[in-house]
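Worksheet: the structure to be examined is printed underneath.
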Amino acid sequence: MPKVAVIGAGQVGSTAAMRLAESGIAEIALIDVKGDLARAKALDISQALPLTSSPCKVTGGSDYELAGESEVVVITAGMARQPGMSRHDLLRSNAKIVRDVVTSIKDATPDCAIIMVTNPLDEMSYLAWRLTGWKRHRIMGMAGLLDSCRFASFIADKLEIPPDQVDAIVLGSHGDTMLPLPRLSTVSGTPVTDRLSPEILRELEERTRNAGAEIVSLLQTGSAYYAPSACIARMAQAIMGDEELQVPASVLLDGEYGMRDVFLGVPVTLARGGWKIVVELPLLADEQEGLETCANLIRKRLVELDEWLEGAR
């Protein structure tokens with residue numbers, strides 16, 4: 001049976017581990033600097049599995065040897081957003097955590113694919129790539145799928161229809177400048193622009209951009225974890241399985257969409273071992289401009305991250 005290592009036993013990591021364990025697709029190693037926390041949650045998940053048909057083994061602890069021979073490593077470790085914080089406020093504090101995690105993972109399971117979840121997502125994905133030196137198809141950030149699910153949920157609520165009838169897409173950064181694309185989003189195959197007015201769509205786009213902050217504000221002491229964990233599990237299943245799944249994810253561009261050397265949310269095809277290709281959508285001029293704006297803002301933060309990385313050596 002393949003193995004998935006989940007780094008970080010907080011709400012996102014432990015819920016993702018639970019979803020993966022219940023799917024029966026892989027052995028799960030849950031790792032956290034607080035070893036007893038990871039062990040406790042692994043035990044709790046294991047004790048739920050007799051009610052399922054899952055044959056999975058779930059282990060937990062602080063030792064990265066538990067991650068050995070993992071096909072997929074999910075990195076959720078890091079500080080969570082607090083009310084009033086942007087994802088980018090977490091840059092330096094979480095960079096230190098991700099640096100230590102990636103260094104340990106590189107030693108423990110050097111052939112894995114990495115799904116980055118720690119915020120700021122695009123920058124932390126870039127950091128993992130820099131630290132490992134691996135081929136770009138092995139590292140991706142889980143963001144675009146989550147943002148697309150949020151956009152789809154808001155569209156479904158507005159139309160009062162089941163959410164599985166909506167296929168929405170969001171590109172760009174995982175932050176305030178993300179790019180929802182109503183023109184390319186559909187409801188039962190019909191363009192959503194035929195069902196909702198431009199004014200309502202703009203409202204839903206803005207709510208999508210602030211969806212994470214909305215949950216943080218309501219919770220007060222944490223951030224979203226049910227939807228992020230569902231997206232993590234879906235991506236991991238595709239990477240370990242034989243299917244090819246097209247989803248938006250943050251990946252390193254190398255000429256696609258006319259951009260290079262930046263992690264950005266774009267549609268990719270997931271396949272065994274990572275992602276296979278970037279799918280280039282036919283964007284209008286203003287959509288391309290919006291995507292480039294996202295990339296330029298991320299690049300500015302990557303300069304800061306590179307300076308920090310050089311100073312930390």
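Using the three backbone atoms N, Cα and C, a Cβ is placed for every residue, glycine included.
Whatever TrEMBL says is automated annotation, not expert-curated.
Copied over from TrEMBL:
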type	residues	note
ACT_SITE	H174	active site, proton acceptor
BINDING	G8, A9, G10, Q11, V12, G13, D32, N94, V117, T118, N119	NAD(+) binding site
BINDING	R81, R87, N119, R150	substrate binding site
DOMAIN	3-141	domain 'Lactate/malate dehydrogenase N-terminal'
DOMAIN	146-302	domain 'Lactate/malate dehydrogenase C-terminal'
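Features as recorded by TrEMBL, highlighted on the structure.
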residue : record                       : DSSP (3 states)
G8      : NAD(+) binding site          : coil
D32     : NAD(+) binding site          : coil
V117    : NAD(+) binding site          : coil
R150    : substrate binding site       : helix
H174    : active site, proton acceptor : coil
Task: Could you tell me how many residues in the domain 'Lactate/malate dehydrogenase N-terminal' (3-141) are helical, how many are strand and how many are coil under DSSP?
output: 71 helix, 25 strand, 43 coil
- request: Round to a whole number and give the Cα-to-Cα distance in Å for the pair the residue listed as 'active site, proton acceptor' and G8 (NAD(+) binding site).
  value: 20
Neighbour count (Cβ, 10 Å) for H174 (active site, proton acceptor): 29
- request: Give me the non-local Cβ neighbours of G10 (NAD(+) binding site): same chain, 6+ apart in sequence, Cβ-Cβ under 8 Å, ordered along the sequence.
  value: D32, T76, A77, A80, Y225
Statement: Expressed in Å to no decimal places, the gap between the Cα atoms of R150 (substrate binding site) and N119 (NAD(+) binding site) is 17
Query: In the predicted model, what is the mean pLDDT computed over the domain 'Lactate/malate dehydrogenase N-terminal' (3-141)?
result: 95
Task: Find the longest CA to CA distance in the recorded NAD(+)-binding set G8, A9, G10, Q11, V12, G13, D32, N94, V117, T118, N119; express it in Å as a whole number.
output: 17
